[in-house]
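Trainee: Look at TrEMBL and you will find 6-428 tagged as domain 'Major facilitator superfamily (MFS) profile'. The transmembrane segment annotation in TrEMBL covers 7-25, 45-67, 79-97, 103-130, 142-163, 169-188, 244-267, 279-301, 308-328, 334-353, 365-384, 404-426.
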Amino acid sequence: MENWKSLMHIFVTVFLSYFASLIVNPTIADVTMEAVCPGQDECSLAIYLTGFQQAVAGLGSVVMMPLIGTLSDTYGRKVMLTIPLTVAIIPLVILAVKRTTEFFYVYYVLKTLTAMVTEGGTVCLALGYLADNVSEEKRVSAFGLLSGVVSAATVCGTLAARLLPTSQIYQVAAVISVVAALYMRIFLKDTTRTIDPLEQPILKQGNETNEVGNEQLKTSDLLKKIPLPKDIIRLLKSSSTVSLASFVAFFNSLAEAGIQSFLMYYLKARFHFQKDQFADIWLITYISATISSMVVMPILGPLLGEETLLCMGLFAGFLNMLLDSIAWSPMVPYISAVLGIFLFLASPSIRCIISKQVGPYEQGIAQGCLMGIASFANVISPIIYSPLSALFLSDGAPFNFPGFSILCVGLAWFVGFILSTMIKILPYWSRNKVRSEPCLLA
């Protein structure tokens, strides 16, 4: 790729940010249960608290993601990136100080509120930044690399969590989170974009001419930039490809939300897994995901196309959950985790498909809407999976199938797989017969 140095800074920013947030993942189940149900291996309250947090944060993100994406189209990605990177520091500092019940509940409230912006905000804006600077032909590779950076951050974070004691994990996470925000402000250069009168965006902005860095963030301006539901619906209905990809994104996010929230509780109840076992599972999963995004996707993407990679990823997710749901040995989750090499093809493929269906000045709102769909799935997911998980892990289950809720997660991926087979990509400029501006990475 040309102009590699300008993109390296966004990759480093995302890596540091996700490392800080994901290093705590293997410990959060233990910390939560120790705070609300000390000494127990099964705890319905911990499951419901996790589900409630996910639902509230997701509901807020449904509004915040399209808003952040829209504002970044006008004011620049760097300005808006400051917000999620800064607020992400606060909850980590709380648990870095203490992990008592009182401090946990303070963390819980702050995490719920800040997650409305941080969950998806950073990657949403990073995707917009890449779309600004990468041509359509190479976008699948660029999006795959970004996904690989997130996976690599998860691998490093999980490995660090495996080696560090819990008392130090949150301190390290807080420090790295601060470094991520500072690095972005110092090194990342925003893209200056002026609107070409030949461009015809789906969501019209009037006759405004915007130049990033020349406008002030005023309250009246912010209110004018808030995307209305009709604007979002118009964007999502702009083509059959966008509509189908949006539905696939919903079911993919529904499954991802379910697995991230409830798999650890299932494995803890089923096989008595602890922090180290969780770390091993995530390590295998995200090493596979890193290979997938940084090697498999850049190679196969131009050859097979995003549609094929999307189908492969969704079906791999279904097989992963099927194996975990009927796991007969503690080794099965380790084996199924290897399917991450295909599973993690799905999300970047969806993002690339959507990116190619909109113009250069709608990348922010398009990725924001996609993150909003994912956030809405985060709202629905705990409503479905929290009661199922609590019920089938309890003594009062209607039948003996502890992994039933995990199988239901897999069915969401299977529905997405069926829908993905109907997607046909037609590039934005081919559909609209409008000249695109040159990309920095031609």
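The backbone N, Cα and C atoms fix where each Cβ goes, and this holds for glycine too.
These figures come from a predicted structure and were not determined experimentally.
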Trainee: Quick one: do the transmembrane segment (142-163) and the transmembrane segment (279-301) have at least 3 Cβ pairs under 8 Å, skipping pairs fewer than 6 apart in sequence?
Mentor: yes
Trainee: Based on Cβ pairs under 8 Å, which of the stretches 45-67, 244-267, 279-301, 334-353 lies most in contact with the transmembrane segment (365-384)?
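Mentor: Answer, by Cβ pair count: 45-67.
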Trainee: Kindly state the mean pLDDT of the domain 'Major facilitator superfamily (MFS) profile' (6-428) in the predicted structure.
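Mentor: Mean model confidence (pLDDT) across the domain 'Major facilitator superfamily (MFS) profile' (6-428) is 79.
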Trainee: Which listed stretch (45-67, 169-188, 244-267, 334-353, 404-426) has the most C-beta pairs under 8 A with the transmembrane segment (7-25)?
Mentor: 169-188
Trainee: So which residues does the transmembrane segment (103-130) touch in its own chain, when a touch means Cβ under 8 Å and the partner is 6 or more beyond its ends?
Mentor: 7, 10, 13-14, 17-18, 21, 31-32, 35-36, 49, 53, 56-58, 60-61, 63-65, 68-69, 72-73, 77, 80-81, 83-85, 87-88, 90-91, 94-95, 97, 139, 142-143, 146, 150, 191, 351, 355, 363-364, 367-368, 370-371, 374-375, 378
Trainee: When you check the transmembrane segment (244-267) against the transmembrane segment (79-97), do you get at least 3 Cβ pairs under 8 Å, counting only pairs 6 or more apart in sequence?
Mentor: no
Trainee: Should anything in the same chain at least six residues away from the transmembrane segment (45-67) have a Cβ under 8 Å from its Cβ atoms, list it; otherwise answer none.
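Mentor: Residues packing against the transmembrane segment (45-67) from afar: 29, 32-33, 36-37, 108, 111-113, 115-117, 119-121, 124, 225-227, 232, 257, 261-262, 265, 365, 368-372, 374-379, 381-383, 385-386, 389-390, 393.
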